[in-house]
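The annotation active site, proton acceptor is assigned in TrEMBL to D379. According to TrEMBL, the active site, schiff-base intermediate with substrate annotation covers Y464. Residues annotated as domain 'Copper amine oxidase N3-terminal' in TrEMBL: 166-263. According to TrEMBL, the feature domain 'Copper amine oxidase catalytic' maps to 307-711. Under the heading 2',4',5'-topaquinone, TrEMBL lists Y464.
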Amino acid sequence: MVAQVTNSLVKFLLILIGLVSVILNIVLMCLNSNRLPKCQLQPQESIVVNHSERSLIFADLTPQEYQLVRNYMWGQADLKISHAATARTSENFIFLIDLLLPKKADALLYLDAKGPKPPREATVVVFFGERGYLKEYVVGPLSGDMRHRDVTKEKYKLPSLPFTARPVTIGEYVQLFTFLYNEVFRKLETELKESFGYIPNQRNLNAFEGMPRGVTAGDRKTWLSFFRDYSGMYIHPVGFEVLINHEDKNSSNWKVEKLLYNGEYFDSINSFKRSYAASRLNKIVFKDISNYASLKPRRRPTGLGPQQYYVQGKRFSVRNNQVIYLDWNFAFGLSSLTGMRVFDVRFKGERIAYELSVQEAMSVYGSITPGMILTKFLDSSIGIGRFAHELVRGVDCPYLATYVDVYRYIDTNVTQRYRNAICVFEHDTGRPLRRHFSDFFHNSYGGLANSALYFRTITAIGNYDYIWDFIFYQSGSVEARVHATGYISSSFKVDGSLKFGHQVAENVLGNIHTHFVNFKVDLDILGVKNVFQTKDMVFEEVPLPWMPQRKAKIPHLVENQIRMERDGALRYDSKMPRYLHVASNQTNCWGHQRSYKLQVVSFAGDHLPESEPEEKSMSWARYKVAITKHKDEEQTSSSLYSQNYMWDPVVDFSKYIEDNEVIDNEDLVAWVTAGFLHIPHAEDIPNTVTVGNGGGVLLRPHNYFDEDPSIHSPDGVYFNPGSENDCEYNKIACLDKGLCSPSLDPFTYHGFEGVMRFEE
């Protein structure tokens with residue numbers, strides 16, 4: 001009897017537990033019915049692609065290679081190179097180690113004909129402070145018995161380069177800031193405190209330098225403008241500037257040559273102090289203000305915008321320095337000086353471009369005050385790629401982008417790692433690549449989402465941030481473009497300032513300036529024997545065939561082939577044909593020459609007049625497009641030395657045009673300049689947005705194919721009445737069957753590890 005009761009209780013308890021379990025599961029299912037299951041995205045290694053080790057001939061130097069080259073140069077006793085991290089101007093110092101690109105013919109022989117692998121070599125730039133000149137060396141081979149050779153004369157037709165042509169190093173900045181503290185701040189403590197709130201070690205003034213450093217070759221005199229010590233200091237000018245002569249290698253011989261205070265010039269510290277004490281000038285009275293330049297949100301963020309992820313995993317693969325995406329593949333690198341570049345760009349196995357690269361970014365400013373009045377920034381002389389810091393996941397690039405670390409050796413004594421400085425991602429632009437809804441006769445819909453691959457880096461050079469994109473479309477087009485953001489440069493508002501910009505804050509003028517960016521586009525259309533063609537339209541009056549007495553003006557196609565470099569250099573101030581083509585001698589099935597069109601997107605201001613002595617250093621900006629015959633010795637349109645030796649530049653791009661070589665059936669390079677005019681306005685506070693501030697060049701197939709290659713895209717959509725939900729030609733209709741939310745890596749950021757330090 002007891003056993004029966006016990007069994008009944010056990011059964012009852014089991015049934016009760018089962019019911020409770022079922023109820024709990026139902027409740028949990030209801031609670032989570034609106035939550036997508038987690039899923040691991042398809043790893044990129046599972047994509048079936050064949051990466052090639054051949055791309056490595058274009059790969060940036062590895063940390064081991066940088067160290068190998070540095071130690072080799074340190075070991076050359078006759079060079080007497082300093083090992084200091086912040087070498088003084090009087091010392092010999094390795095400023096730069098970078099990859100020496102292989103000669104194009106050698107690279108093509110290796111890539112296409114299984115020729116010998118080009119030797120891997122490095123360029124080394126040495127500032128000889130002890131001897132008062134600059135030199136460049138080639139060191140290599142890096143995989144064998146290394147040697148070095150002086151290539152200065154070979155590259156620049158000079159045995160050495162002027163010492164004043166060098167950029168300012170971190171070591172020289174340390175000396176400049178020490179000089180400022182001792183010779184300006186300490187001597188003017190009272191005046192700076194009363195005028196600008198300066199308190200040593202508590203409330204500082206930050207310096208921003210104008211460039212070039214003088215008005216003639218050999219000058220090294222820099223105007224320094226001062227700003228409040230706020231984040232976004234560039235729009236907090238205080239109305240105080242000094243001119244420092246730092247030409248001498250010995251900083252004890254440096255001196256203050258001029259001062260500017262509230263629009264009035266003084267010849268020395270003492271003359272300013274006397275005028276200030278006697279109240280013979282219009283004094284600036286300090287007052288606290290809020291930091292309108294801060295980028296901290298004015299209200300607490302409440303949510304997230306739309307996020308993109310890969311429903312079926314990534315369709316691109318990045319390995320070593322090669323990217324493969326659908327029909328595209330290319331090699332990539334990041335030059336410390338010129339920035340982003342790609343090589344051996346192929347679509348459906350055919351090389352479209354040997355090189356697509358950033359060359360230079362330039363700005364010319366207008367102002368009434370000296371810090372801006374002569375300013376012309378040439379960023380490659382500072383280092384465009386040098387300032388490619390870590391990208392912020394989910395803001396600078398999509399959260400699930402693939403991120404790539406870069407290494408560089410510039411203005412330091414060690415190799416520096418910059419994490420996640422490049423990102424690669426596929427992105428739906430939100431606008432169909434093509435589509436048609438047919439509402440007559442045969443009702444149907446056909447379309448293709450515009451998913452493209454983005455290769456991106458962002459460089460923050462002083463006040464400006466440049467977003468660099470190379471974009472690869474499924475139609476066979478490639479786009480190189482830049483967008484500017486960051487802070488405008490500003491000056492303290494004085495009488496006459498409004499001729500040079502708009503007031504954007506109290507006593508703050510946003511200075512008018514131009515932006516010009518130069519790209520190198522080495523197109524190889526079905527080989528290296530190409531021609532340059534232009535196409536345009538004119539209205540031609542013709543009689544109507546069925547009514548000869550009646551005439552009409554109709555568009556007429558005009559085609560030309562350019563045979564000489566001077567004719568292929570299309571100036572900004574001239575009327576330019578609207579279609580520019582680099583074409584092969586082969587034809588498509590319709591008998592037209594297979595070509596790629598250069599389509600320039602630019603809203604640039606006027607180029608600096610050629611009568612100005614500094615213009616030769618930026619002569620590439622004379623031309624919207626210039627076509628030259630490829631030469632290995634014409635590798636770049638600018639140089640490391642252009643900024644500080646503007647008046648007699650060692651690279652003058654106009655010389656590439658002057659020799660007027662034949663460009664008919666030759667290996668052609670297009671140098672493309674894009675940009676925009678920036679007249680700062682109130683909406684540039686706190687900082688400039690990217691919308692409308694950019695430019696670039698689009699490379700579009702033009703009769704290159706027999707039809708649009710994107711018709712073969714795996715993303716195509718097609719349906720007609722009755723088949724709207726059929727998944728065979730409309731995978732979007734079945735999207736809900738594969739939905740899940742991605743498993744995300746945690747957010748991390750290490751970008752502040754690589755910022756410039758000026759402490760000894």
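Along the chain as shown, residues are numbered 1 onward.
Every residue gets a Cβ built from N, Cα and C, even glycine.
Looking only at the domain 'Copper amine oxidase N3-terminal' (166-263), the predicted model's pLDDT averages out at 95. The two recorded residues, D379 (active site, proton acceptor) and Y464 (active site, schiff-base intermediate with substrate), have Cα atoms 10 Å apart. Under 8 Å, Cβ to Cβ, and six or more positions away along its own chain, Y464 (active site, schiff-base intermediate with substrate) finds S363, A484, T485, G486, Y487.
Counting every protein chain shown, the number of other Cβ atoms lying within 10 Å of the Cβ of D379 (active site, proton acceptor) is 25. With DSSP states grouped into helix (H, G, I), strand (E, B) and coil, the domain 'Copper amine oxidase N3-terminal' (166-263) comes out at 30 helix, 31 strand, 37 coil.
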